[in-house]
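I have placed the structure first, in the form of structure tokens, so that the comments after it can refer back to it.
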Amino acid sequence: KNQTAIREFILLGFSYGVQVQTLLYVIFLATYMVTITENAVIIFVVKRNHHLQKPMYYFLGNLSFLEICYVSVTLPRLLFGFRSQSMTISFSCCMTQLYFFISLMCTECVILAVMAYDRYLAVCHPLRYPAIMTHKLCFQLLILSWAGGFSISLVKVSLISQLTFCGPHIMNHFFCDISPVLNLSCTDMSLAETVDFVLALVILLIPLLIIVFSYCCILLTISCMPSVQGRRKTFSTCTSHLAVVIIFFSATLFMYARPRRIHPSKLNKIVSVFYAVFTPALNPLIYCLRNKEVKEILRKTI
């Protein structure tokens, strides 16, 4: 009762020497610019080329737009902190950053599951695929993905924002994530932790189960194909998506599919850098390098 609620946090970020911070600033700035450029190019190519007016590339364009928003939630604030040497963030800005970061992450989980379902229909039901995966259904699935991700995040952040934070107001992280924020609360957070943990399992495990089921069916269908070349060609259409799924879910399950009050450590920060900064830069490269159609059209466009 004698404690005063704090209204701002200090993000420790990467508290190293000036030379190391300068190097990190250059690395993160380059990564941010590369991520924006890569994903913007994919959106431009998918939108302008009639050969890519297919559901798979329609979802890929939306995923690229999501990745641009994803890195823009965290990296500009981090880069500003490197330059100004001020990592203070107000409570309202922290909750806003947390809301959009978690919303975009949840949305990406669902979009990756939708893309797996699209590959399942294309491989396992090729004759019925054009009739099922219509433009209307694609649009509805994307609306469901975005609405679901932002709705679940709204419930999470609403409960967290109602907690009282009394200090210390130093957060051992480089952006406002769930666990670092909860570690600073001085009130009973059992309800917020339980709801957040359950919703994290729902938004991670349900899409993951859809993806696993889809790829099990895909592998069964491919194994029944008589031609080795046909099996290889069919599976090649799925490898880029599968690689993105493995990278994304391995990091997010490690960070979010466990009890909320996680002791801050350098490992958590490193994993956060991987999925919040470098993964959005890797995804376009994976899709372009593993997809002959996209590579050929990119070469012609350039």
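Note that Cβ sites are derived from N, Cα and C of the backbone, with glycine treated the same way.
Worth saying up front: this structure is predicted, and the values here are computed from it rather than measured.
The domain 'G-protein coupled receptors family 1 profile' annotation in TrEMBL covers 38-287. According to TrEMBL, the transmembrane segment annotation covers 23-45, 57-78, 98-117, 137-155, 197-222, 234-257, 269-289.
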Task: Distant-in-sequence neighbours of the transmembrane segment (269-289), which means Cβ under 8 A and at least six residues beyond its ends - done: 28, 31-32, 34-35, 38-39, 41-42, 60, 63-64, 67-68, 70-71, 74-75, 101, 172-175, 177, 240-241, 243-244, 247-248, 251-252, 254-255, 295, 298
Task: Model confidence over the domain 'G-protein coupled receptors family 1 profile' (38-287) (mean pLDDT, whole number) - done: 85
